């Protein structure tokens, strides 16, 4: 299974004195700690971008449509107001299951429905990354396949406990892979950090080859 895909690249990476992470995610900030980024978050109508590009790429296979749309959302988070000698980084993560995008759940019941639907099946997590300077753009996406074990009754209590913890409500697809009960996941194909929210190994590789 291919897990890394290019979307758009322009120019060459230049030296930079500052890294700016356009994300409020504490998980991404932690994963990018080796670059010591400043964090800057600005409002963005992500659903409007999603609607536009899901329509634009409607002839593509569903997973590819979603991935390209994620790339556009990541680009949108950075915008066009760029400072000299800065490297801007943004990302967008979504879960795709049964040809549907699983966003952050609206409430506990939706979180339960999402989690319960994963058991005995494989779903896909996409993280798109955009790295940008004034004369440089590199946008790519990574895909990881996550397979949950078949459901059995003893799993009901840990599912409910995870939902009651409240931590699933701020995560796409209603879970953070690092927080799940170890009995849930049967296998992961691809970079686990794609699921967490930032494929750091691929990002670092690209920064080092320019």
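Placed from the backbone N, Cα and C atoms, the Cβ positions cover glycine too.
Annotations in TrEMBL come from automatic prediction, not curation.
Per TrEMBL, these features apply:
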type	residues	note
SITE	27	site 'Important for substrate specificity'
ACT_SITE	92	active site, proton acceptor
SITE	93	site 'Important for substrate specificity'
SITE	178	site 'Important for substrate specificity'
Rounded inter-Cα distance in Å - residue 27 (site 'Important for substrate specificity'), residue 178 (site 'Important for substrate specificity'): 10
Between residue 178 (site 'Important for substrate specificity') and residue 93 (site 'Important for substrate specificity'), the C-alpha gap once rounded to whole angstrom: 15
For residue 178 (site 'Important for substrate specificity'), the number of other Cβ atoms found within 10 Å of its own Cβ: 10
Number of other Cβ atoms within 10 Å of the Cβ of residue 92 (active site, proton acceptor) across all protein chains: 27
